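Peer 1: Annotation comment: Swiss-Prot describes 28-48, 74-94, 99-119, 133-153, 168-188, 203-223, 236-256, 263-283, 288-308, 338-358 as transmembrane segment.
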Amino acid sequence: MLYNLLLPHIHNSHIANLFHYITFRSGLAIIITLSLSFITGPILIKFLRSLQKNGQPIRSDGPESHQTKVGTPTMGGIMIILSSCLSTLLLADLTNKYTWITLFGFISFGIIGFMDDYAKVTKNNHYGVRGKSKLLLQGIISFIICVLLEYLDKSPSHLLNVPFFKNLSLDLGYFYIVFAIFVIVGSSNAVNLTDGLDGLATVPIAFTAGSFALISYLVGNLIYSNYLQLTYIPNTGELTVLCAGLVGSCLGFLWFNAQPAEVFMGDTGSLSLGGVLGIISVITKHEIVLAIVGGLFVIETASVILQVYYFKATKGKRIFKMAPLHHHFEKHGWAESKVVIRFWIISVIFALIGLSSLKLR
């Protein structure tokens, strides 16, 4: 909004001219989302506590230390969604189609997550909305987004870029739509599975969003994309502002979500954040890089899949003491804070590996 209002005056005012730069607006987005989180956090937490008598249901078969979390409210992802969307509406170019497509997906996945959290709180169990129903809704939203990109996007939308290789792209044809849906839905659920400890998912999400802030900026810049031999996709630079807002809102949320958490982001936050990262990776044609940068989410998801299939194949045996993987280490006696910090370190390593693919070709 501010960008569009100030655009006619960029040549007459130094202040207005600053808004012409994506980097300035991105930095401002971080400041705004952080500030909004600090201001609205206590109010939202108090409101959620008044509505949720028992807070988020805690699994009885989980680590014993988790019973101390009883009564902690969920749906804190509302804070992240509101602050990120407000900063994007204020600072991004509202004539940019990618801005609106991404916001649509972000909010839609947030609504699905809210429905799931609401079902858990009202039923007082950790099951919520049926898994198949959630997958169906996620698939429908992802399909709509892919169709919008297919008909509104003039970029090479069927190409899958392979990182670390020069000019290597696979043309998936119309199968790319199926692949893109898988990326978006998979990303959404992978983040959801990772969000099991205080602050565990928040920092890796911030690292991933920060990485895609850089990727969006480079892909949307003709000079930088040519220099790095990336597929140039005009106008994706505006997604940098949204990604920066995600970084700020996640860091602001971490203030209240650090152990011991005052609030959980819930599926409202995890499904929406995972979904929006998947959408941005599809738009920027860096789907495989998302799997690298978000390697922690991939590992957590793989641990669940392996556990389930091995359990069925062996009729009751398990690979891990408990899945997802972070619970396995808790069962081994690791303190929650140790698991969280070590997983943060792993996520930093994955982010650096993913970003190195931009240059190593």
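Numbers here mean position along the shown chain, with the first residue as 1.
Heads up, the Cβ atoms here are built off N, Cα and C, so glycines get one too.
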Peer 1: When only pairs 6 or more apart in sequence are counted, do the transmembrane segment (203-223) and the transmembrane segment (236-256) reach 3 or more Cβ pairs under 8 Å?
Peer 2: yes
Peer 1: Same-chain Cβ contacts of the transmembrane segment (74-94) under 8 Å, 6 or more residues past its ends?
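Peer 2: Residues 1-4, 19, 25-26, 28-29, 32-33, 36-37, 40-41, 44-45, 48, 52, 55-56, 100, 103, 106-107, 110, 113-114, 117-118, 120-121, 238, 241-242, 245-246, 248-250, 252-253, 256-257, 263-270, 272-273.
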Peer 1: Same-chain Cβ contacts of the transmembrane segment (28-48) under 8 Å, 6 or more residues past its ends?
Peer 2: 73-76, 78-80, 82-84, 86-88, 90-91, 241-242, 244-249, 251-253, 255-256, 262-263
Peer 1: Honestly, do the transmembrane segment (168-188) and the transmembrane segment (338-358) touch, with at least three Cβ pairs under 8 Å and pairs 6 or more apart in sequence?
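Peer 2: They are not in contact.
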Peer 1: Between the transmembrane segment (288-308) and the transmembrane segment (99-119), are there three or more CB pairs that fall under 8 A, provided the residues in each pair are separated by 6 or more in sequence?
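Peer 2: In this chain the transmembrane segment (99-119) does not contact the transmembrane segment (288-308) - fewer than 3 Cβ pairs sit under 8 Å.
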Peer 1: Other than its close neighbours in sequence, what residues sit by the transmembrane segment (263-283), given a CB gap under 8 Å and a spacing of at least six beyond its ends?
Peer 2: 41, 44-45, 48, 56, 72-81, 98, 101-102, 105-110, 112-114, 116-117, 128, 134, 138, 141-142, 145-146, 149, 153, 180, 183-192, 194-195, 201-202, 205, 208-209, 212, 216, 233, 236, 239, 242-243, 246, 250, 253, 256-257, 289-290, 294, 297
Peer 1: At a C-beta cut-off of under 8 Å, are there same-chain residues at least 6 beyond the transmembrane segment (338-358) that contact it? List them, or none.
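Peer 2: Distant Cβ neighbours of the transmembrane segment (338-358) are 163-164, 197-200, 203-204, 207-208, 210-211, 214-215, 218, 228, 230, 259, 289-290, 292-296, 299, 326, 329-330.
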Peer 1: Near the transmembrane segment (288-308), which same-chain residues lie under 8 Å Cβ to Cβ, leaving out any that are not at least 6 residues past its ends?
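Peer 2: Residues 160-163, 183, 186-187, 189-191, 193-194, 204, 207-208, 211-212, 215, 274, 277-278, 281, 318-320, 323-326, 328, 343, 346-347, 350-351, 353-355, 357.
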